[in-house]
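According to TrEMBL, the active site, proton acceptor annotation covers ASP62, HIS130. The annotation active site, for ring-opening step is assigned in TrEMBL to ASN128, GLU135. The domain 'Glucosamine/galactosamine-6-phosphate isomerase' annotation in TrEMBL covers 10-221.
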Amino acid sequence: MNIIRVKDVEQSAEKALEIYQNAVQHGAKVLGLATGSTPIPLYQKLATSQIDFSELVSINLDEYLGLDGEDEQSYRYFMTKHLFQYKPFKHSYVPDGKSEDHEAAIKAYDRIIAEHPIDLQLLGIGRNGHIGFNEPGTPFDSTTHIVNLTQSTVAANARFFEKESDVPTQAISMGIASVMSAKKILLIATGESKAEAVAATINGPITEDVPASILQKHSDVTIIIDEAAASKL
Ligand code: F6R
């Protein structure tokens, strides 16, 4: 694992921007993207950068079940708001949270990932070590699947909703094997609340109880951590 320690959120976004510039210059064609608070500073930088994504494909990690892309709380909407409206891709895939047939949506997403191998996968990390919406206990060999969100994840995500009871309790997420199939992985962790998960990911045993710990087995992972997130290392 290549660990890059930075001072704060601003520096984490600057470092991540360099990694994106480098990846695209070196021919990356498919970018795996994440939502949540962590990547927003990076997306702001990408939005005003010189990078041209118009010939690239993006594939997002996850989407809430029951929300369509027009819904302001959906991850499709989030991506449009923070990145796609400024930097359109040739095609941007986000799992279909509104499909009538979940099995078909899952198969379709696995096919998309197989047809567009991810060159650089961006990850945030949950306080419990989740990646994508792969909560503790998710099998390491999982591909796209429907997830029941844990109470702690629902509570953590409630800040984006009017009230906690509005947070969907299920999501469709790329699996851990799908994430691990990316050629390169970039995980960004900032803030004190991530310190324990970061320590368990980097120094702990590789266990399904800490989904991100599987990253120890990937051959090309970079983790950018600020001082607060590094405080338990
Ligand atoms: C969202 C996702 C999640 C988040 C994680 C951290 O697409 O993949 O795993 O990265 O929940 O969220 P924030 O960045 O809001 O702390």
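Each residue, glycine too, has its Cβ placed from N, Cα and C.
All TrEMBL annotations are machine predictions without curation.
ASN128 (active site, for ring-opening step) falls within neither a helix nor a strand when secondary structure is assigned with DSSP, and so counts as coil.
With a cut-off of 6 Å between Cβ and the nearest atom of ligand 1, the active-site residues ASP62, ASN128, GLU135 reduce to ASP62. A gap of 12 Å separates the Cα atoms of HIS130 (active site, proton acceptor) and ASP62 (active site, proton acceptor).
In three-state terms derived from DSSP, GLU135 (active site, for ring-opening step) belongs to neither a helical nor a strand segment and is classed as coil. GLU135 (active site, for ring-opening step) is 8 Å away from ASN128 (active site, for ring-opening step) when you measure Cα to Cα. Contacts of ASP62 (active site, proton acceptor) defined by a Cβ separation under 8 A and a same-chain sequence distance of 6+ are given as THR35, TYR75, PRO95, GLY132, PHE133, VAL147, ALA171, ILE172, SER173, MET174, in order along the sequence.
Residue environment of GLU135 (active site, for ring-opening step) contains 21 other Cβ atoms, counted within 10 Å of its Cβ in all protein chains. The candidate set comprises the active-site residues ASN128, HIS130. Of these, HIS130 has the most other Cβ atoms within 10 Å.
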